[in-house]
């Protein structure tokens with residue numbers, strides 16, 4: 001493949017293991033510490049990458065308060081070998097924050113405003129709960145349903161509109177855990193996971209090397225025993241078919257193709273196109289459909305051209321309508337979330353965009369796929385998507 005000088009390439013990408021938000025393995029580890037460990041690991045894994053080359057550290061984070069406040073990207077950068085002369089910014093597009101960090105860096109590279117960027121995201125949902133400090137504007141109810149702020153109810157709405165049954169959701173949830181467990185057992189996550197020191201259930205320091213969130217014993221039958229979590233009387237969405245609340249971080253090295261060549265670094269993929277789109281907040285989970293269609297059009301591609309997909313599993317009742325309308329249900333077992341998804345691994349809000357992209361790129365490398373798409377829904381009615389091409 002011939003690369004243009006300003007093509008945006010990925011040199012390396014990593015993530016932490018995913019820890020449960022409630023009394024999990026990272027209950028005594030801060031968000032900045034998780035992120036800084038990934039940046040240090042990227043420098044260790046890529047000795048030709050000079051910290052002085054970094055133009056900007058761009059980090060996604062949703063709830064920017066407490067340890068995640070006051071420009072957490074800069075707080076993270078100051079914990080690493082990156083010099084003070086390099087800049088840092090925190091971005092927030094709710095669930096799409098880390099993917100927006102990728103897009104922000106990519107746009108800078110494409111326009112000649114920098115060559116080397118460290119991007120990623122973090123959310124410590126154990127230390128900073130999802131709605132910590134949020135004050136909803138009552139006037140917003142004139143323009144969108146108040147229930148649009150309750151993600152589980154938006155999933156209920158989307159599932160009902162598309163005729164998605166409780167049984168289909170339970171099957172999808174069980175699939176996520178089964179595939180994530182298989183990926184762990186077969187070592188498919190090893191290249192992307194950076195082991196991080198945490199604590200076991202007894203409080204002893206332990207090197208965390210695998211995701212804490214996967215429940216291999218999960219079946220559709222066991223999920224079928226759970227009560228609806230958001231609409232107790234008529235609902236179909238349960239805690240078992242929703243993304244888990246977790247603590248985690250993800251990180252990538254993005255740079256221009258010409259700078260990667262000059263530094264002697266071998267890129268693993270390039271960005272073909274990017275897109276964001278909006279939708280009705282009441283069905284916020286539908287956002288990946290318009291965003292993906294827009295990104296594919298910009299790349300001159302069709303759905304059937306894509307070898308592998310990573311769709312953030314906010315809810316099974318949200319994922320299945322998206323796959324249905326993208327005409328992917330028939331090829332799901334061959335192409336979609338082959339190592340499980342957020343139902344098994346969790347969805348640390350500001351982290352997930354780079355996490356699913358990291359997992360996708362590792363799948364593409366392992367299986368030899370040429371083209372991949374990572375896409376996700378975003379609270380209050382948005383979607384974001386990235387088209388990747390393996391090098």
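The chain as shown is numbered from 1 upward.
Placement of Cβ uses the backbone N, Cα and C atoms for every residue, glycine included.
Taken straight from Swiss-Prot:
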- 95: active site, acyl-thioester intermediate (ACT_SITE)
- 347: active site, proton acceptor (ACT_SITE)
- 377: active site, proton acceptor (ACT_SITE)
Cβ neighbour count (within 10 Å, all chains shown) around residue 377 (active site, proton acceptor): 32
Among 95, 347, the most crowded of the active-site residues [Cβ within 10 Å]: 95
Alpha-carbon distance [the residue listed as 'active site, acyl-thioester intermediate'; residue 377 (active site, proton acceptor)] in Å: 7
